[in-house]
Amino acid sequence: MVGREDAMGNDEAPPGSKKMFWRSASWSASRTASQVPEGDEQSLNIPCAISSGPSRRCPAAPLTPRSHHNSKARACLPPLQPLAISRRSLDEWPKAGSDDVGEWPHPPTPSGNKTGERLKLDLSSTQQRVTDKSSGLAKREKIAFFDKECSKVADHIYVGGDAVAKDKSILKNNGITHILNCVGFICPEYFKSDFCYRSLWLQDSPSEDITSILYDVFDYFEDVREQSGRIFVHCCQGVSRSTSLVIAYLMWREGQSFDDAFQYVKSARGIADPNMGFACQLLQCQKRVHAFPLSPTSLLRMYKMSPHSPYDPLHLVPKLLNDPCPGSLDSRGAFIIQLPSAIYIWVGRQCETIMEKDAKAAVCQIARYEKVEAPIMVVREGDEPVYYWDAFASILPMIGGSVIKVQPGDRKVDAYNLDFEIFQKAIEGGFVPTLASSNNEHETHLPARENSWSSLKCKFASRFDKGFRYVSKTPLSRVYSDSMMIVHSSGSPSSTTSSSSTASPPFLSPDSVCSTNSGNSLKSFSQSSGRSSLRPSIPPSLTLPKFSSLSLLPSQTSPKESRGVNTFLQPSPNRKASPSLAERRGSLKGSLKLPGLADSNRGTPAFTLHPDDSNDIVFNLEGIRNGDLYPPSDCKGTSVDSDLPEKEIISLISCSKSDRHKSGGDTDSSGQPLACRWPSMEMITKLSRAYLDSESVIAIPLPSDAVGETGSRNLYIWIGKSFSLDNNCSLVDSNKAADTVENVDWVQIGESILCQMDLPKDTPIKIVRESEDQTELLALLSAL
């Protein structure tokens, strides 16, 4: 062994020389006395310190320093160095708040001797190391740089943090008029007397639900835009929450993907960085606002109307349920069931009126922003029709009949108790805001601002309702600019609206007007052909609290008709439409009104309204497969045709219970309809196919079906392919630029013909061109 070899090697050394020991001989903990053989101990003969004395046998070297304290050899050893434990610098570890900036530095695990060869684990294939040397500190410095920055994302949208929200001078310098506070539980409404506020209570957590409030935010952004205002959207630092809402808006408004919208916002505000949960929700939102085809797992979606946050219990939003089935319904609430064939609003027997109203508004938002083309039906607990349960069974085959046997009013889901309790206390006046506004620190009752989101929906609804009652005598235009809404002229007494809504017409997305025959969500204009297929999107949130019930009209459209025609309503002379987006950009001249379309782009005639007030709202499903926003209606009750076409758009119309008359028309003594030739209005008593002259325009009132069982009539305007306006220009409004037959608004002419023929003003008008499909008209003529 080493210690023994050293001792033996020193036997031949000259007397008086130092005895050298290896440190390992004294520090070897593995060597024990029992391991040394007895023969070895006898062979260890070490010379004595006195050179003249004989050799003597010495005991073996001590095992440890502690076992031999007085040895001279121990004194000869170099002093032992203390063990060095190096502590890592504090800067190399993550600091508090690193998760707030979105990046975690990844320091190596503390190790011993770095110069020696050690086993290393290569994680390059599984984890990408942060290569930016300034990742943590620079990120915080960057946030500090944007602390006082009011970042402009769009003409009317600015993004920032709390530091800007509390600085009135910065807000004023940027022309801010409205503020959306995303962190109501942290930041109060600092300058409520100077700006219009709305608040959300969003946690910067991946589990926070932002999908349910996106459409309310879209409404707010559009409301600000129509007022030519500017809105400042802020959270604490302007990094995650506020930027997520703006990204979602750009995805809908501009038709951008999530990546494009995110990069656009990030170019305006370099620290924009939605958390992972928000990003996932925005990717799901992208599929909806771009009208992507539904996946098999998304065929059935069910929403429960509930408060978005306990801080604002009257802000009701549709929250997506994880288990969509009849067992998820609760008699205390309102639910939205979205199927490929229809959208149902299920109202429980104990549901409050406020919740039912907001559910109807939420459905209109879904139809508008997601471009839903399905009928919308309201069913009440206990009165569910059979087709309602059949719709469930078609998606969930395992649903049995036992679901229907639940007693009406007894449906209850315990998981909803907290939401309903919060909401019930709020409507009973038991809710007091946790954070008083800056200019009133003594609020002891529920302030109006706590329900501001519902009031915004009512604002759109009231304006839309006024338009409907006004149009009962003069139909609205079916071809809209990107604003899609019609504004009353200043001279019309019935056009009085609030000051906040008269600045400009309501503003809808240009992407909400798209080609009906294309799966692409973006709009498609065709200037070369002089016509395009435009499908108006659903109107803004509609909430009409004065109406008490909703019913569904049966479809009166034949399969051919549902695939075929599409006419256009003429705007009232007392109304004007805002210029379209294409016109404002200068890329499209003239009106986007397209009276003459191919057969594939035509639809059934537009609806008309009864002038008197009504107590019912009817979701009419007739003739809107190709984008008719306002289909016709004779208001014949609430019976439902189970064979309704799947793709139809909602149309909200009013009709009186006491005025459900049948549309009539003039006939001769033999019962044959009286036709006339336009513009001379020459009556044609014996109508036949021979009278369909290529150089004439013939107005023909005919039954809506071949057998005439429905009793309703349509006014068909047959336009010959050789008809010319050369001698009839005076009969066409010169303001409409009707230089050709294609540019004539034949629906307006049809309304004039209705008056001259003493036909009901609500008679649907259909345009039939000789150069296009005439199958329906010829079939009706042959049946006479």
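Even glycines carry a Cβ here, placed using N, Cα and C.
In Swiss-Prot, the feature phosphothreonine is assigned, of THR64, THR474, to THR64; the remaining candidates carry no such note in the record. Just one residue in SER572, SER578 has phosphoserine written against it in Swiss-Prot, and it is SER572.
Helix, strand and coil residue tallies for the domain 'Tyrosine-protein phosphatase' (149-291), in that order: 64 helix, 22 strand, 57 coil [DSSP].
Report note: the substrate site is defined by CYS235, CYS236, GLN237, GLY238, VAL239, SER240, ARG241, and the residues of the same chain whose CB lies within 8 Å of the CB centroid of those residues, excluding them, are GLY161, CYS182, VAL183, ASP204, HIS234, SER242, THR243. The Cβ of ARG241 (substrate binding site) has 24 neighbouring Cβ atoms from other residues within 10 Å, across all protein chains displayed. Sequence-distant contacts (6 or more apart, same chain, Cβ under 8 Å) of CYS236 (substrate binding site) comprise GLY161, ASP162, VAL183, ILE186, CYS187, ASP204.
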